[in-house]
Number of protein chains: 2
Amino acid sequence: MPKLWNETIEAHRAAVRDATLDTTAALVAEHGPASVTMSKIAERTGIGRATLYKYFPDVETILTAWHERQIGAHLDHLAQIREHAANPLEAVLEAYAFIAYEHDAGDPLAAMLHRGEHVAEAQRRLRGFVRDLLAEGARAGEVRGDVAPDELAGYCLHALTAAAGLPSKAAVQRLVTVTMAGLRGPA
Amino acid sequence: MPKLWNETIEAHRAAVRDATLDTTAALVAEHGPASVTMSKIAERTGIGRATLYKYFPDVETILTAWHERQIGAHLDHLAQIREHAANPLEAVLEAYAFIAYEHDAGDPLAAMLHRGEHVAEAQRRLRGFVRDLLAEGARAGEVRGDVAPDELAGYCLHALTAAAGLPSKAAVQRLVTVTMAGLRGPA
């Protein structure tokens with residue numbers, strides 16, 4: 001596997017791992033999860049089957065690792081937006097709504113992956129992240145002060161999952177506007 | 001089965017059916033779904049096993065029928081509230097939030113039942129019902145007019161499912177207040 005060889009063993013391992021996750025995601029997208037086998041993943045990644053088994057015991061573990069990587073990327077994306085946007089709260093909620101919009105909740109693979117423990121952990125992190133933003137907003141007088149930030153975080157994260165069923169990006173933006181009006185409270 | 005005998009065959013059948021659903025729900029609540037068998041259901045309902053099989057082919061079908069009946073009762077309850085409340089929109093949304101609050105979403109049986117086609121149909125009915133209320137509210141100037149009632153229905157039904165994770169009835173009422181502020185829009 002010369003093309004995957006990198007400067008150090010660690011970097012090499014990370015590269016094999018990443019390549020395996022990319023390959024598996026591509027195979028699932030092309031043929032559906034049921035037809036993906038360890039042999040096909042090894043072949044397409046360009047590694048031996050025995051090598052693949054040193055990294056992952058089965059396809060399900062690879063899919064879970066891929067999903068964890070996707071969720072991590074989403075959380076990093078939201079953290080970036082928080083740091084750079086002029087209006088971090090609204091920008092983060094909009095970005096979250098677009099993630100929900102692009103995510104196919106009806107996909108059986110998504111339904112399976114979402115039952116994993118790693119998802120519950122990611123949801124806790126996301127909720128904490130949004131709660132902190134809302135607490136900042138309340139101190140700045142931009143968010144209502146009569147409801148605790150944690151309750152408001154639950155409200156807006158649930159409201160924004162409605163984006164998954166919306167027909168257009170304009171509709172997603174309207175959903176964010178309506179949700180923000182709830183966070184601001186009566187004028 | 002003399003105690004189940006009613007004035008007509010139809011009423012008798014409905015009574016056996018209802019008694020079977022009640023019994024099954026009670027057995028599931030007591031011992032969990034895995035230990036419930038057709039024999040136990042027949043015994044507790046006070047009918048023969050052969051009779052039970054004339055009504056239902058298996059335990060899963062009974063549980064689905066019971067769940068359909070529960071959902072139907074919830075929808076009837078919301079329709080009653082709509083007819084009699086001074087402020088139908090807020091009263092219906094509050095009642096829906098309390099249904100979500102009392103409903104244990106983490107229950108594996110609930111998760112299984114919620115994948116059924118009857119649930120998708122009930123969700124369509126509920127959404128149509130709330131959409132009509134919102135359209136009335138918009139005509140009366142109580143609901144924002146810049147977002148279509150169907151989109152607002154999606155928003156508020158998703159927002160109110162946050163009630164499932166709340167610790168108290170007071171928190172559920174705050175969630176309804178916040179959600180209503182989103183529906184009213186900027187003052």
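Backbone N, Cα and C define each Cβ position, glycine as well.
Whatever TrEMBL says is automated annotation, not expert-curated.
The DNA-binding region annotation in TrEMBL covers B:37-56.
Mean pLDDT, taken over the domain 'HTH tetR-type' (B:14-74), works out to 91 on the 0 to 100 scale. The domain 'HTH tetR-type' feature in TrEMBL is assigned to B:14-74.
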Secondary structure composition of the domain 'HTH tetR-type' (B:14-74) [DSSP: H/G/I, E/B, coil] = 52 helix, 0 strand, 9 coil
